[in-house]
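J.: So TrEMBL lists the following for this protein:
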DOMAIN    1-401  domain 'Major facilitator superfamily (MFS) profile'
TRANSMEM  28-49  transmembrane segment
TRANSMEM  56-75  transmembrane segment
TRANSMEM  81-104  transmembrane segment
TRANSMEM  116-134  transmembrane segment
TRANSMEM  146-166  transmembrane segment
TRANSMEM  245-265  transmembrane segment
TRANSMEM  286-304  transmembrane segment
TRANSMEM  310-329  transmembrane segment
TRANSMEM  341-363  transmembrane segment
TRANSMEM  375-397  transmembrane segment
Amino acid sequence: MTDNETAIVTGSVIHVSEFKWSKKVQGYVLSSFFWGYIITQLPGGYLATKYGGKNLFGGGVVLTAILALISPPSARVNEKFFITIRILQGLCEGVTYPAIHAVWSKWAPPLERTKLATFAFAGSYVGTVIAMPLSGVIADRIGWPWIFYIFGLLAIGWFILWCVFVSESPAKHRSISTAELEYIQVSIGYSPLQIQNQKPPIKSILLSMPVWAIVVAHFTENWGFYTLLTELPTYLKDFIRFDLYSAGFVAALPYFLMAIVVMLGGQLADYIRSKGLLKTTPTRKLFTGIAFIGQAAFMIATSYCTSKESSVACLTLAVGIGGLAWSGFSVNHLDIAPQFAGLLMGITNTIATIPGIASPIITGEVIPHKATTEWRAIFFTSGGIYLFGALFFTIFASGDRQSWAETPEGYEPQFDAVSETETLP
């Protein structure tokens, strides 16, 4: 959107950009999505816990898609209008992670929740792998506005499929067998009907160190992730000197590796737990610690790379190894308080969204000249945050259900006899 393009004016060839936005303005444009995103985390968690996550998740995505379709004309009005649209997109997207955690809290048995949740979460990185290079191609061949139009229309098509195939809970699924329904709900330990009037113990949640361990870990991961997500194409294009077309493909490599690591990590974590090799608490700490320490090392190493190949290798490994953290802190909400997992995700993701707001703005201020020392400061800052997050999570995290999240009684099949069996075949 801000790249120079060749144009002929009064017979002379000149280079102009459609939007003459400074690095500071670009930082605000990139971060504005998160200004809205942070606001709806807690309301999204509350609504998902009380009313369920299916409709909230689908609605958040489809509204974001509609706003994507009107983004190009809004940008051409002025940057303030475009920033407003991006804030609204953030408001709509803010409910999605709390909502999907609420869905998994009803569907995922304890010893399967890591691989199920991480398999789903990997979709966001698969999407990034597809979107980054494809966006470069689209912008290069038919113009940047079509990035918004194509992905907006695809998301609307996805929403239709979501409404048709997804059910809020096992008991509401049209074709689930009685045996599978019983297996899921006995494994989880309660039915949705048993906990529908259970009020979240807000004071206990806010005083819980395992909750704060997730908060710190989530903030840590998002600082590095959002820094690279928003600035990696710029770094590749301006510092390593890739062209726009190549930068899109190269920027997708780290997320391709991360998608693979997220899925394999989930399988490995549940294998370790199911075989009794490690209990849940050390498993969560191990995967989070390896991810954060590895990311710190590779991000710092990136700042000393002197070639394209070494820079891309270190950046790819820095992002990719972070996929292990999704088998650590990111499913930990479901361990310590499954019935409140949506609300907990809303709390942790509220604070973890701060990097999405702050990082692009800080980066824009720190790298006005795009010098090596300026980029090095960015990478060292991220590395330091990763090391602190690894230490804090290792000390305070837990994989056990907390006392304030215990249900009054175990799963009782008769609770479903009147209100839910009519949904079964």
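Residue positions begin at 1 at the first shown residue.
From the backbone N, Cα and C atoms, a Cβ is placed for every residue, glycine too.
Predicted automatically and left uncurated, TrEMBL annotations should be read as such.
How buried are the listed features, and what sits near them?
T.: Tertiary proximity for the transmembrane segment (28-49) is limited to same-chain residues at least six positions away from its ends with a CB under 8 Å from its CB atoms, namely 21, 56, 60, 79, 82-83, 86-99, 101-102, 200, 226, 230, 339-340, 342-347, 349-350, 353-354, 356-361.
Among residues of the same chain six or more beyond the transmembrane segment (81-104), those with a C-beta under 8 A of the stretch's C-beta atoms are 28-29, 32-41, 43-45, 47-49, 52-54, 56-57, 59-61, 63-64, 67-68, 70-71, 74-75, 113, 116-117, 120, 166, 168, 333-334, 341-346, 349, 353.
If you look at the transmembrane segment (116-134), the same-chain residues 6 or more away from its ends with a CB under 8 A from one of its CBs are 100, 104, 107-108, 151, 229, 233, 248-249, 251-252, 255-256, 258-259, 262-263, 265-266, 269, 323, 326-327, 330-331, 334.
Cβ atoms under 8 Å from those of the transmembrane segment (310-329) belong to residues 114, 117-118, 121-122, 125, 213-214, 217-218, 221, 224-225, 228, 232, 236, 240, 250, 253-255, 257-262, 265-266, 268-269, 283-292, 294-295, 298-299, 301-302, 393, 397 of the same chain, restricted to positions at least 6 beyond its ends.
Packing against the transmembrane segment (341-363) from elsewhere in the chain are residues 24, 26-28, 30-31, 33-35, 37-38, 41-46, 48-49, 53, 94, 97-99, 101-102, 104-105, 200, 205, 211, 214-215, 218-219, 221-223, 225-227, 230-231, 333-334, 378: each is 6 or more residues past its ends and has a CB under 8 Å from a CB in it.
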J.: Take the domain 'Major facilitator superfamily (MFS) profile' (1-401) and average the pLDDT across it for me.
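T.: The answer is 87, the mean pLDDT of the model over that range.
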